[in-house]
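Taking it in order: structure first as structure tokens, then the write-up.
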Amino acid sequence: MKQTPLNTSSLILVAAGMGTRLGAGIPKALVKVAGKTLVEHAIDRILKVEEITEIIVVTPADDPRMAEVLAPYGTALRTVDGGSSRADSVRRGLGEVSDHARNILVHDAARAFAPVELYQRVIDALNAGKAAAVIPALAVTDTISVVEPAGEAGVEFIANTPARSTLRAVQTPQGFNAEALRQAHAQLDHYTESELEKVTDDASIVRANGEKVQVVNGDQQALKVTHPEDIDTANQLVAEQDSRVKKSKETMNLPRIGNGIDVHAVSQDPARPMWLAGLHFPEDIGLSGHSDGDAVAHAACDALFSAAGIGDLGTHFGVDREEFAGASGVRLLTEAARLVREAGFEIGNVAVQFVGRRPRFAARREEANQVLSEAIGAPVSVSATTSDGLGYEGDGQGITAYATALVFAQHS
Ligand SMILES: Nc1ccn([C@@H]2O[C@H](COP(=O)(O)OP(=O)(O)OP(=O)(O)O)[C@@H](O)[C@H]2O)c(=O)n1
Ligand SMILES: C[C@](O)(CO)[C@H](O)COP(=O)(O)O
């Protein structure tokens, strides 16, 4: 079970209905769509809503099949037996909600495909505090008329036709200030079973108890599986939701990392200048090589090429590129960054660590970071270590630099 910070919501998922209109011969919440029961579809979406910290599932009494389906969720939810009507089931769920709950959402398992954003929209509006109740609803497209009670032989007559613009098709999840919902349900204490049958949602009783009910945009995906033909629509919906998720994963702009290592021996020529991390160290003997021997800059170049998947130093600065013969480490790094961007990437950062007895680096670290960061147009951080006297770095014969770069695809 998730932690319970202050601004959180409990959710009652009513799943105890028999699904008479669907006629599947099993409780509706156990009917499968795309290989998964409706109650699982609902719970899997609810578990993705950060603010929901408590889930009470109202289940058909003594149904071992439901217990089996819910077992894998372990302590992520609690269950309670349902009643003879939806309103009765909500009341039983309410009895299980923790006393400290601030918001309570009530949701139909039959609206299993309500997307995470819909829960979020309801919770956000509730937290905004304009009303004690928030419900999602859609504008209607049919003209809707009120009929007079059916007369003889079931013949019906229109009583009135409200202006369509004033009508909304109400959905769930419906969100409530916990106290407002508890007080409204307490009004139903003396209702008979048949009176409870007529309570078709919770917002109506909260409103009848004097509270304002705010409407937010509903979602077609929150359709209520009610009749057999709804199963086809639901299958189609899941296929569409799955393909949207797949597509967004495919197009997700994951960053890419790359590594680079460079080793240079300390020159035998005592007059060779020492260049490292883009800086000149006048008190040290330089590193050998065709270039200035700047192992830090070279390792950074290789890490950038590796992250972008465009080869290595040899690929770009080989002997055929005469213009780079003897080029400084900073010049090579500037060009490496240009090539990486040309390949369609932006640079996140580069981190380099070198291992060597000399030069003494700490006092010039900031300067080095600045020079190299300017060269690539992104943060570079350089650190240094010794090898505790071991190996060629410990003997002072050479230096090794290890670099990691992070790049990400540029937006088109
Ligand atoms: N006694 C009941 C009746 C309904 N519900 C739940 O309330 C939601 C909305 O009800 P509905 O779609 O009418 O479901 P059923 O009652 O199962 O359907 P029917 O009326 O066709 O029997 C459903 O998630 C259903 O499981 C419930 O928990 N307890
Ligand atoms: C709560 C509800 O989903 C809002 O539209 C609806 O009233 C439930 O009705 P049902 O007859 O219990 O399906």
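Glycine is treated like the rest: Cβ placed from N, Cα and C.
Remember, TrEMBL labels are computer predictions, not curated facts.
If you look up TrEMBL, you'll see Asp262, His264, His298 marked as divalent metal cation binding site. When Cβ atoms from all protein chains are considered, those within 10 Å of His298 (divalent metal cation binding site) total 29, not counting its own. Look at His298 (divalent metal cation binding site): DSSP puts it in a helix.
Annotation comment: TrEMBL describes Asp262, Val263, His264, His290, Ser291, Asp312, Leu313, Gly314, Thr385, Thr386, Ser387, Asp388, Tyr392 as 4-CDP-2-C-methyl-D-erythritol 2-phosphate binding site. According to DSSP, Thr385 (4-CDP-2-C-methyl-D-erythritol 2-phosphate binding site) is assigned to a strand segment. Cβ contacts within 10 Å of Thr385 (4-CDP-2-C-methyl-D-erythritol 2-phosphate binding site), excluding its own Cβ and spanning all protein chains shown: 12.
Taken from TrEMBL, the feature domain '2-C-methyl-D-erythritol 2,4-cyclodiphosphate synthase' covers 256-407.
According to TrEMBL, the feature region '2-C-methyl-D-erythritol 2,4-cyclodiphosphate synthase' maps to 256-412.
Same-chain residues at least 6 positions away in sequence with a Cβ under 8 Å from that of Arg21 (site 'Transition state stabilizer') are, in sequence order, Thr226, His227. Secondary structure from DSSP puts Arg21 (site 'Transition state stabilizer') in coil. Residues or ranges marked as site 'Transition state stabilizer' by TrEMBL: Arg21 (among others).
The number of other Cβ atoms within 10 Å of the Cβ belonging to Lys28 (site 'Transition state stabilizer'), over all protein chains shown, comes to 26. Lys28 (site 'Transition state stabilizer') falls within a helical segment according to DSSP. Positions annotated as site 'Transition state stabilizer' by TrEMBL: Lys28 (among others).
Here TrEMBL flags Arg164 (among others) as site 'Positions MEP for the nucleophilic attack'. Secondary structure at Arg164 (site 'Positions MEP for the nucleophilic attack'), as computed by DSSP, is helix. Contacts of Arg164 (site 'Positions MEP for the nucleophilic attack') defined by a Cβ separation under 8 A and a same-chain sequence distance of 6+ are given as Val140, Thr143, Ile144, in order along the sequence.
Proximity of Lys224 (site 'Positions MEP for the nucleophilic attack') to non-local residues of its own chain (separation of 6 or more, Cβ distance below 8 Å) is seen for Asp108, Ala110, Arg111, Gln171, Asp230, given in sequence order. Here TrEMBL flags Lys224 (among others) as site 'Positions MEP for the nucleophilic attack'.
Under the heading site 'Transition state stabilizer', TrEMBL lists His290 (among others). Counting only same-chain residues six or more apart in sequence, the Cβ atoms lying under 8 angstroms from the Cβ of His290 (site 'Transition state stabilizer') belong to Ala325, Gly326.
Residues or ranges marked as site 'Transition state stabilizer' by TrEMBL: Thr386 (among others). In sequence order, Val355, Gly356, Arg357, Glu393, Gly394 make up the list of same-chain residues 6 or more apart from Thr386 (site 'Transition state stabilizer') whose Cβ falls under 8 Å from its Cβ.
Of all the binding-site residues listed (Ser291, Ser387), Ser291 sits in the most crowded Cβ setting, with the most other Cβ atoms within 10 Å. Among the recorded positions Arg21, Lys28, His290, Thr385, Thr386, Ser387, the residues whose Cβ sits under 6 Å from any atom of ligand 1 are Arg21, Lys28. A helical conformation is recorded for Tyr392 (4-CDP-2-C-methyl-D-erythritol 2-phosphate binding site) in the three-state DSSP classification.
For Tyr392 (4-CDP-2-C-methyl-D-erythritol 2-phosphate binding site), the same-chain residues 6+ apart in sequence whose C-beta sits under 8 angstroms from its C-beta are Ala265, Gly398.
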